[in-house]
Amino acid sequence: ASGSDENDVVVIGGGPGGYVAAIKAAQLGLKTTXIEKRGT
């Protein structure tokens, strides 16, 4: 992986818990990626 692909947090699942975890991590300044199996 290149430096631009690095994350501090990877959240698997966009349900209620994953959604809150991803938002909180981003608010704390962590580079965050959320992965969801279903498209929108």
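Positions of Cβ are set from backbone N, Cα and C atoms, glycine also.
Features of the protein shown, as given by Swiss-Prot:
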- Glu36, Lys37, Arg38, Gly39, Thr40: FAD binding site (BINDING)
So for Lys37 (FAD binding site), how many other CB atoms are inside 10 Å of its CB?
7
Based on DSSP, name the secondary structure state of Arg38 (FAD binding site): helix, strand or coil.
coil
With Cβ-Cβ distance below 8 Å and at least 6 positions apart along the chain, what are the contacts of Glu36 (FAD binding site)? List them in sequence order.
Gly13, Gly14, Gly18
Cβ density check for Arg38 (FAD binding site), other Cβ within 10 Å (all protein chains) comes to 5
